[in-house]
Every structure is written in C-alpha cells, then in structure tokens.
Amino acid sequence: RTPDQIVAGTPEKLWWTCPVAPDHRWQASGDSRVRIGSGCPACAGLQVSVTNSLARFPELAAQFDVDANDGLTPEQVVAGTNRKLWWACPVAPDHRWAASGANRLKGRGCPACALVAVSIREVRLAAELAAALPGLDVEARRIVMPGSRALEADILDRERRLVVEYDGSYWHAGEDMERRDRVKTARLTEAGYTVIRVREAPLAPITAADVTCSEEDPIHLVAAAVLDRIAALRPDLLAVHEAAVYRRHGRPLGNVDAETRLAELRRRAARTAAELGSDPTLW
C-alpha cells in the first residue's frame, strides 16, 4: 500500500522507516504518528541499531561480558541504556561488575581499579605541583558549573582558577575520549579556569596550553614542564624564576606527601574492593 491509500489517523499498526539508517524500522499506528508525534525509536535510543549499539564503542564492547549478560552481544545492546549490564575489567580479568551502559559512556570504569578515579602518576604530579604552589589542595576535585552538571578535575586550585588534567594514554585514547576532553577543556575555560592537560604519548595536545610526556618520564620533569607552562600563562600565580627554582632541584620534592596520599587511597580501595568481592590490589 502507498500513503495515498491510508487514513492518516488510523489506529492500524503500520511499518515505518527512518532515513538515518536502513535498520531504523518500526511499527506504530498512524494515530500515534499524527496525534502524539511519535518518531523513530532507534533515534530515541529505545531500539538497538547500527547507529547506537555498544559495538560503536570498541573499547567498551571489548569489556562487555557476553556470558554474564545471558548471551547478549554488543551489537544487541543500546550503548546508552540505563539497564544494568555486566562488564569484565581489561586490566584484571577477574574483576567483574554491573553498571549501566549510560554510566560507562560517562567514563565510569572498573570500581576496583578505578575506584578513586586517580592514577599513581596523577597523585605524584599533584604532590609535586603542591610543593611549588603553596596552598594547592590535592583533595579538591569537584567544580560546580552554573546551569549545568558539575565537573571533576584531576588537580584543582579553585582559588587561583587553575586546573591540571593528567591524560593517560590508555584511558584517554580514541576519538570519543578526545572529543570529551576537548569539551571539558572548553567548558572550564569558559568558566574562567586556566586548563593545562598533560597528554601521555601518543596522545596529541588539545590546546597550545597542553604539555606532552611519555609514561616513563620522571614525574619531577613532568611537573617542571607544567610549572613552566603555568609561569608562561599565569605569571600572577608563578614567576618564571620560581618555576626555574623547582627545575634546578632535579628531583621529586613531593614524595612523602604522594606516598601518604597513595597509602590512604589504597586503604579506601581495599575496603571497597573487599565489599565487591574483588582483588584489592590496585597498583
């Protein structure tokens, strides 16, 4: 039948196609299309499609536990679903946990490994920066954004409006993560923060303010590069000669504080991992 042969408001269930993708096909009454204005369920994330399935996110698809999810495959699951699904950790295969697809898309990872959402390098870098920037609170992370959801910063100096992000090459790889990092930088910049990202090779800088390093670089040299960048961008916070003083030390200055904080984070991780029945060894 053709549209000319059908009453627009018919209660009869009809088949429809969407121009977005060939597999966007669904049944709906003419009445619901005309009176209610219902549209394509695949575009709305209510029906799985090649355009919205978990398979579009290879890193997450690789962690999808097919057996624990009753044989479902990534191609059969809407990526942003609120349904709880089972996942397998890429770092420690014995770590299994349940989380919605929506939470995974927001960057939530293995609760045993990523429990405190920090890395050793990030903690050590924060301790080094605190040694050169008195008053830096390494525990502060949450930034309230007026009119939108709050953001979490890796290293935050709220009073001086400074954010330093440490982008590890594993967790920040891929176009989706780069896009997310760009958006976060833009939002923070618009809110008046100076944002410096430390990008582990092979990650490319996102802005001219970013610093690049390798995962093998000594942390005090990474900190020296960040301090040089702060001095160049924000001389009101740090003078060039003050950044040079740190560099001349030629060694880490925040080791004691870093070890103290790491010990506390490990204790927290061990407690939560025990509650989850996971291996408490994180790092």
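Backbone N, Cα and C define each Cβ position, glycine as well.
Automatic, uncurated: that is what TrEMBL annotation is.
Residues or ranges marked as domain 'Treble clef zinc finger' by TrEMBL: 2-45, 60-114. The feature domain 'DUF559' is assigned by TrEMBL to 154-200.
For the domain 'Treble clef zinc finger' (60-114), the DSSP-based tally of helix, strand and coil residues reads 12 helix, 12 strand, 31 coil.
In terms of DSSP helix, strand and coil, the domain 'DUF559' (154-200) has 16 helix, 16 strand, 15 coil.
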